[in-house]
Amino acid sequence: MPELPEVETVCRRLRPAVSGKTIQSVDVLDPKIIRGLDPEEWVHHLIGETITDVERRGKFILFKLTNGYLVSHLRMEGKFFPYETATEPVKHTHVVITFTDQSTLHYNDVRKFGTMELRTNETIHTTPPLSLLAYEPFDERVTTEALHRRLERMKTRAIKTALLDQSIFVGLGNIYVDETLFRAGVHPTRPAASLSREEVDRVRTEAVAVLNEAIERGGSTIRSYADPDGATGTFQERLYVYGQTGEPCRRCGHEIEKMKLGGRGTHYCPHCQQR
């Protein structure tokens, strides 16, 4: 699943490609993608709207319209591809947006798990899904003290599963939680409440650093992720533990191990991240 760095990269590529363009028509080839409205009504609301910006909130892509927002979540395999001219949809193309200049935006999704829905300016941040999200790691309101207070209430919850909770800390998925905890020197099974203030500060600091580095490198392509230009990310070349099971730790030489935690594959170095 694309995580925050990948979604941020997608937004940065889409912004210059679609901003300022007016929607002439929309073809919904698979109605399963559309949420909240009948597909015909959904299309009716979009025609004539101009995309004024492309924003991101957590892992959601927000197409800012003249009136409201088109909210998209890529889930496992969703991808957007802009084309300068009309282009035939391929097997896994599920939505085609045609603009008045005859350029198009295709949404492709092999797994069909992605979603699109409309929100008004008034409801975009006050109704699910965005209303359920916490602050992002970059937000100045995410202080060490505030995060420490939240984690102190989690007496039995592992720090790994706590950081994956988007109502606690938005934008960290499996890859970047594993990398954050490695860099912070915190074992993933530690109870969240057991972390000292200093450890929480390291986790917060490293989370921001990991995400910024991943964004700079276009995200991580582990399986099939590609941005709207078709380019793959390169941060996977910098991963210390994720996907490195059985390899020597680049810091200490100990073998990287993998376990299941909360149903998620979890990678760590037992020497650098002691319990």
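Including glycine, each Cβ sits where the backbone N, Cα and C put it.
The model shown is predicted, which means the values in this text are computed figures rather than measured ones.
For Pro2, the entry in Swiss-Prot reads active site, schiff-base intermediate with DNA, with the evidence type sequence analysis. Residues or ranges marked as active site, proton donor by Swiss-Prot: Glu3, Lys59, Arg264. The DNA binding site annotation in Swiss-Prot covers His92, Arg111, Lys155. Feature annotation from Swiss-Prot assigns zinc finger to 240-274.
Structure coloured by features recorded in Swiss-Prot.
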residue : record                                         : contacts (Cβ under 8 Å, 6+ apart)
Pro2    : active site, schiff-base intermediate with DNA : Val10, Lys59, Leu74, Gly78, Gly219, Tyr225
Glu3    : active site, proton donor                      : Lys59, Gly171, Leu172, Gly173, Asn174, Ile175, Tyr176, Gly219, Ser220
His92   : DNA binding site                               : Asn108, Asp109, Val110
Arg111  : DNA binding site                               : Arg75, Met76, Glu77
Lys155  : DNA binding site                               : Pro191, Ala193
Arg264  : active site, proton donor                      : Lys160, Thr161, Leu164, Asn174
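Secondary structure at Lys59 (active site, proton donor), taken from DSSP and collapsed to helix, strand or coil, is coil. For the DNA site, whose binding residues are given in the record as His92, Arg111, Lys155, the maximum C-alpha distance rounds to 45 Å. According to its DSSP assignment, His92 (DNA binding site) is coil. Looking at the zinc finger (240-274) alone, the prediction's average pLDDT is 97.
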